[in-house]
Amino acid sequence: MKVTASQIRQDLNNFGGFGQQGYGYNVEYLFEEIGKILGLNTIQNMIIIGAGNLGQALANYDFDRIGFKVIGIFDANPRLEGLAVHGIEIKMVDELEEFIKTHEIHVATLTVPKKNARTLASQLEEWGIRAIWNFAPTDLHVSDDVCVKNVHLDESLMTLSYNFRNRGKEKYSYHSYMDD
């Protein structure tokens with residue numbers, strides 16, 4: 001990553017003064033302040049909708065260490081109802097609205113089929129969810145009041161494939177074309 005110390009300093013200064021050229025940084029203070037900016041100094045409750053393989057893998061991940069606590073897992077498959085993943089009992093999606101209304105949910109994670117994702121996102125917005133981490137293979141379109149991070153596994157894998165196949169080769173960028 002061709003990034004200069006000056007660029008890092010400029011980026012950090014967008015969030016406040018963390019250091020000065022020639023003096024360095026108090027790394028412990030910087031780490032703490034970046035954590036505050038990212039909201040990692042508080043616990044943020046998260047639910048997972050879709051308890052298939054990906055949903056269960058996410059439920060088993062240690063998000064607690066970065067301030068996210070999975071407090072509910074939901075699925076439409078009645079065969080999964082009552083099973084526990086990482087100590088959390090899987091509930092049916094028809095319990096979702098009530099759960100959201102009775103718990104302070106900060107993030108909803110979607111690992112559902114494409115055909116269900118957009119309708120579900122609209123319902124989540126209606127029920128007051130303001131952040132969606134979307135693993136469904138479709139982009140979600142919700143109001144500007146809702147933050148969405150679409151995670152496309154296929155795009156990520158294609159990027160990896162491209163980078164792997166082209167490692168060591170000259171990389172072209174917009175700037176290299178403009179410099180000609």
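Glycine is no exception: its Cβ is also placed from the backbone N, Cα and C atoms.
Predicted automatically and left uncurated, TrEMBL annotations should be read as such.
According to TrEMBL:
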- Gly50, Ala51, Gly52, Asn53, Leu54, Gly55: NAD(+) binding site (BINDING)
- 39-139: domain 'CoA-binding' (DOMAIN)
Environment of Gly50, Ala51, Gly52, Asn53, Leu54, Gly55, the listed NAD(+) site - residues of the same chain whose CB lies within 8 A of the CB centroid: Ile48, Gln56, Ala57, Leu58, Asp75, Thr111
Protein Cβ atoms within 10 Å of Ala51 (NAD(+) binding site), excluding its own: 25
Under 8 Å by Cβ from Gly50 (NAD(+) binding site), counting only residues of that chain that are 6 or more apart: Phe74, Asp75, Leu110, Thr111, Val112, Phe135, Ala136
DSSP residue counts for the domain 'CoA-binding' (39-139), split into helix, strand and coil: 38 helix, 29 strand, 34 coil
Neighbourhood of Gly52 (NAD(+) binding site), C-beta criterion under 8 angstroms, separation at least six: Asp75, Thr111
Averaged pLDDT score, the domain 'CoA-binding' (39-139): 96
Cβ neighbours within the same chain of Gly55 (NAD(+) binding site) - under 8 Å, at least six residues apart: Ile48, Ile49, Ile73, Asp75, Val85, Thr109, Thr111
